[in-house]
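These notes are about the structure you will find just below.
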Amino acid sequence: MGDESKPVDGEVNANKYFSKTAATDAEVSFEHRSAPPETRLYKKRWVIVLLFSSYSLCNSYQWIQYGIINNIFMRFYGVDSFTIDWMSMIYMLTYIPLIFPVSWLLDKKGLRVIALVAAALNCTGTWIKVASARPDLFPVTFLGQFTCSVAQVFILGMPSRIASVGFGSEEVSTACSIGVFGNQLGIAIGFLVPPILVPNVDNLDELAAHIRVMFYITAGVATFLFVLVVIVFQERPEIPPTHAQAAARQISPENYSYTASILRLLRNKAFILLVITYGLNVGCFYAVSTLLNRMIIEHYPGEEVNAGRIGLTIVIAGMVGSLICGIWLDRSKTYKQTTLAVYVMSLVGLVLYAFTLDLGHLWVVFITAGTLGFFMTGYLPLGFEFAVELTYPESEGTSSGLLNCSAQVFGIIFTICQGKIMDSFNTLAGNLFLCAFLLIGTIITGADRSILICSSLIDRRHSNFLTSLSNDDLNYC
């Protein structure tokens, strides 16, 4: 099951008092005492991560399905653009208060329970929307979107947990990337499909029929995936994939304190800086995605479909970036260097996008948007895996939950502020506002010594040279 002389890049679940050498120490002790515990990689692990990726796709598709045809839904429901913006921002807002109890449930109840709740809520939300395809039923469609946004809280923290529980040490980053891949593909489909299914027609009855078809398709897919989750999704493989996971299973869950885990993470300087820089980067992505229709329509009137295609380009390029980053990290473990490089290029991509948006050539916008997406969206799994390494052996659900919480907070702030700046000035001013915060994130990522030391610790842990680090260095993490 991969190279088992190396510690797993992932959780040790309830074993919250292991040191960062625990996985390595456990393996060494196994080798010198008696026969090591049995480990095994099951083919079903790929089915599980692909199923998760699929229902994550269905949920994230709905995040942007209103925003990408903002002007059409404004006219259909008779509301303003800021109200439609909230159909995207509700995904961000719901996450902030719910992530902590959901992370606690993930640690206490495990993957299968969380997966079932997520798929059930997502399915329920889609059927509520089916009943809302009338101009006087905006509160109903908002309720459906709110229900789906609650489902999202049960989804976003799972990729790293699924990867660590079922995959070998050299597969973890790739598996995590596949989990995030589904979320990104859903956003891509959310950019592409709604402008095609819901054309900007004048007749409201005809428009209602198009919206109803879109909602029915989504509900059918969500129902099918819920049934699959009930039948297929399992808590964990019968035989653990690594020695570290085998050691973790010997620890009683009663020994784990979720509150203590949160407090340890909040004292981890390198992790807190990653939380801030991750939130700045992903918050910018959320703002650009939510306001994309408004930005494109302002400079290219009547190009709703191309606005969706530009969003598709951003996310597809980001999916390629995510997979490349995941594979690269599995091979190199150069977290600090890769994070900084991707951050710098995200800033460059946003600057290029900002200054080329109003040139009057859509093909230029496609190119610059693709460049932006490759790096900005490609940063998502990189941030997850770097967090897991910086906080080892804390639960991945907790660390990824805090990362996502930061992203939602910054996403709401950036979306509201950029929207107001665009209303008062122009799209260039709004995009430069985001560039300023990406620059701050780049400086923090590149300049802080604690992240550099922790990155060195990670490299040495993966090379089994952890003991060469001083106690002062360990205190940074």
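Placed from the backbone N, Cα and C atoms, the Cβ positions cover glycine too.
Heads up, TrEMBL stuff is auto-annotated, nobody curated it.
Copied over from TrEMBL:
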- 48-453: domain 'Major facilitator superfamily (MFS) profile' (DOMAIN)
- 46-64: transmembrane segment (TRANSMEM)
- 84-106: transmembrane segment (TRANSMEM)
- 113-131: transmembrane segment (TRANSMEM)
- 137-160: transmembrane segment (TRANSMEM)
- 172-193: transmembrane segment (TRANSMEM)
- 213-233: transmembrane segment (TRANSMEM)
- 270-288: transmembrane segment (TRANSMEM)
- 308-328: transmembrane segment (TRANSMEM)
- 340-356: transmembrane segment (TRANSMEM)
- 362-382: transmembrane segment (TRANSMEM)
- 428-447: transmembrane segment (TRANSMEM)
Who are the chain neighbours of the transmembrane segment (270-288) in space, where the CB to CB distance is under 8 Å and they lie at least 6 residues beyond its ends?
88, 92, 295, 314, 343, 346, 350, 372, 376-377, 379-380, 383, 386-387, 390-391, 399, 402-403, 406-411, 413-415, 418, 431, 434, 437-438, 440-441, 444-445, 448, 450-451, 453-454, 476-477
Given the cut-off of 8 Å on Cβ pairs that are 6 or more apart in sequence, determine whether the transmembrane segment (113-131) and the transmembrane segment (46-64) share at least 3 such pairs.
yes
Between the transmembrane segment (428-447) and the transmembrane segment (308-328), are there three or more CB pairs that fall under 8 A, provided the residues in each pair are separated by 6 or more in sequence?
no
Taking the transmembrane segment (213-233) as reference, the highest number of CB pairs under 8 angstroms among 46-64, 137-160, 362-382, 428-447 goes to 46-64
